[in-house]
Every structure is written in C-alpha cells, then in structure tokens.
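This report concerns only the one structure given below.
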Amino acid sequence: MKPSVYDFTLKELSQLLKPSFRAKQLYLWLYAKYKTSFKDMQNNFSKDFIASLEQEFVLRTIEITHVSHSVDGSKKYLFKSLKDNHTFEAVFLKMKDKKIDEETNAILEGEKYTVCVSCQIGCQVGCSFCFTQKGGFVRNLKASEIIQQALLIKEDNNLPIEKALNIVFMGMGEPLNNLDEVCKAIEIFNTGMQISPKRITISTSGVADKIPILAEKNLGVQLAISLHAVDDKTRSSLIPLNKKYNIECVLNEVKKWPLEQRKRVMFEYLLIKNLNDSLNCAKKLLKLLNGIKSKVNLILFNPHEGSKFERPSLESARMFADFLNSKGLLCTIRESKALDIEAACGQLREKKL
C-alpha cells in the first residue's frame, strides 16, 4: 500500500516534491481546506503534478465507522483502518470556556474542544483498571492515523479551520512505546493543523527510560504521569510496568523534565474505592511530590465490564483534593465526561466489526 501523505512532515515533503514550495501548498490543501482528493487541488496544481501525487501517495487511510453521542455533548468515535480493518477509538470533548475581554473586562463564555487520541491499537502495559488492555496489543498507529483522528473529528463537527483544538494522548496505547510516530504526529499537528505544542499533552504510564528521550526532543508539550498509587506494591498491582520502572525511578526522570516558568508536570491519580483514596494516601502523595513542580489531577474510577474495582464517592475525592490544596499542592478533580457512552478514562478498546 502506498504511504499516506499525512505521514510526512512539511520538511520531508519539501525534500520529496519539486519544486519544494509545492509542499506548503499541499499542506494548505490538507490541513486548512480538508481536501480528501488530489483532484480537488486543481486551483494551483497542474494535472501532471496531481497525477504524480496520486502515483506516490494515498490520502485517507482510516474512516469513521460509528459515533456514540453523550448527553454532555461528548462523542466517541470508532475508527477503522482501511489497510487491515482493525479498529480503535478516540473521544471528542466539549468544555465550557470563559475569557475576560481586555477592553471591557466582560466575561465571555464559549466552548473549547479537546480530542483524546489513540496511539496504539490495544496496549502492552496491561493496567488492571483499564479496559483497553483486555483486547491485548495489536500494533502501533502511524503518525497519519493519529493525525486523521483529529482531522476527521474536526471535520465531522463542522469546526472552523481557525478553531484551535487541544490534543491529549490519553486514548488507547502508551505514547512512549510508539515515540517516533507520536513525535512526528506532534510536529504535523503544529505545522499542519496549527496546534501549539502548549495545547498538546502526552500521558505516560511511566516508561522511565523514554522520558529523557522525549525531553531531548524539546517539543514543548505538557507531560502527564499516570501515578495512581503512593507505594510500589499498590502501583505494581495496578500498573505491571511498575515492576520494571518503580515510583522512585519514574520520579527521578520527571525531576529532570525541562519546565518553562509557571509550568508544572501533571500527575494523574486514579481514585479507587478503599484502595488508594484515603487521607493517609493523600499525605504520602504530598511527600512523594515534594520538590517537584507539579499539579495533581484526580480521576474517579470509571467502571467497565468485568472490573473488580469500585468508584469512590465524590465526597472522598473532595477531601483528598482539599487536603493537597491546603498544603500548597495544586489539585483538581477531573470531571468525568462521556460515562454514558463508555468513553471516559480507561474505557476505550478495539471492537470487532
């Protein structure tokens, strides 16, 4: 199968296409005008050039096969690879957004949009609380397949070209186990879809030896660590990878992560009833993160079929958060979106068509 044109960075296309300025023109057609056929690019491309593009590349390599709609406005997308028919999911999230008008000081209300993308079909990490791992690991997604998730979702929701998206690598898969394709996708998000790296978050279960490699690339993205426990015994029961990279090992690498002024590393902490949601756990978490510029994002466990875990009460989550905030550690509780369509954290999976 010919490569997808979405797999190429602007620099790579500039080296492949002659004259090289054609690369920028092609990028505009792809990412600013959503063109899905080379024949639709005839305004400034000759028939011969279009024929050469058709000979070298394909465009779309995935398609939307189903969309689930949540009462909160979120949507879960089931994508199918046109190459091997494997499926994977991504989520479109709508959030309320408030801004202050600099001239009038009036509060302006609007919406901000986040796409939670997948980077693998299945996952190798095998977190016990996550539904994705039940299907095992199939393969890595190409950069083009990651990019097309955001493109197709933006197109399906009729969002203006200029409307910025937030991208979070929190769907199916471990981003650091597909680092090359993830980094290429981030570059294309930036130069193609004009998404600032500051709007992109990479969430990892703690592949400690890949964190410095990501840091060296200096992409300017937000780093999020799926911590979920304050001791190695509990964390290993939740995240088997912890047996290889324990909490101390992960935190040592996080301490070296380059941070801009006023930026913090995000630690995601999944609250599970009677396992890691006590005030004593909050105290241990405070001690663990001492000296790290960090913020904690609490996630209430999202139930799924066959899970042995239970969701804690919102009251216990608030007590946990209030304690950390009172001690100066910024802590928020993530609003669970799309629970009614099984699209919340830890609920995505491959589906057989």
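Cβ from N, Cα, C; glycine included.
What Swiss-Prot records for Glu89 is active site, proton acceptor, and it gives sequence analysis as the kind of evidence. Glu89 (active site, proton acceptor) falls within a strand when secondary structure is assigned with DSSP.
Residues or ranges marked as domain 'Radical SAM core' by Swiss-Prot on the basis of sequence analysis: 109-340. Confidence annotation: the domain 'Radical SAM core' (109-340) carries a mean pLDDT of 93 in the model.
Residues or ranges marked as disulfide bond in Swiss-Prot: Cys116-Cys345. Its own atom aside, the Cβ of Cys116 (disulfide bond) has 29 Cβ atoms within 10 angstroms in the protein chains shown. Under DSSP, Cys116 (disulfide bond) is assigned to a strand (E or B) in the three-state scheme.
If you look up Swiss-Prot, you'll see Cys123, Cys127, Cys130 marked as [4Fe-4S] cluster binding site, on the strength of sequence analysis. DSSP gives Cys123 ([4Fe-4S] cluster binding site) a coil state; it is part of no helix or strand.
Sequence-distant neighbours of Leu227 (S-adenosyl-L-methionine binding site) (same chain, 6+ residues apart, CB-CB distance under 8 A): Gly206, Arg235, Ile247, Val250, Phe267, Glu268, Tyr269, Leu285. Here Swiss-Prot flags Gly173, Glu174, Ser203, Ser226, Leu227, His228, Asn302 as S-adenosyl-L-methionine binding site.
Feature annotation from Swiss-Prot assigns active site, S-methylcysteine intermediate to Cys345; the stated evidence is sequence analysis.
Highest local Cβ density among the binding-site residues Cys123, Cys127 belongs to Cys123, counted as other Cβ atoms within 10 Å over all protein chains shown.
Taking the Cβ of His228 (S-adenosyl-L-methionine binding site) as reference, residues of its chain lying under 8 Å away and at least six apart in sequence are, in sequence order, Phe129, Arg235, Leu238, Ile239, Glu268, Tyr269, Leu270, Asn276. Take the Cα of Gly173 (S-adenosyl-L-methionine binding site) and measure to each of the recorded positions Glu89, Cys116, Cys123, Cys127, Cys130: the nearest one is Cys123. Between the CA atoms of Glu174 (S-adenosyl-L-methionine binding site) and Cys123 ([4Fe-4S] cluster binding site) there is a gap of 7 Å. Note on Glu89 (active site, proton acceptor): other Cβ atoms within 10 Å of its Cβ, all shown chains, come to 25. When Cα-Cα distances from Cys127 ([4Fe-4S] cluster binding site) are compared across the recorded positions Glu89, Cys116, Ser203, Ser226, the shortest belongs to Ser226.
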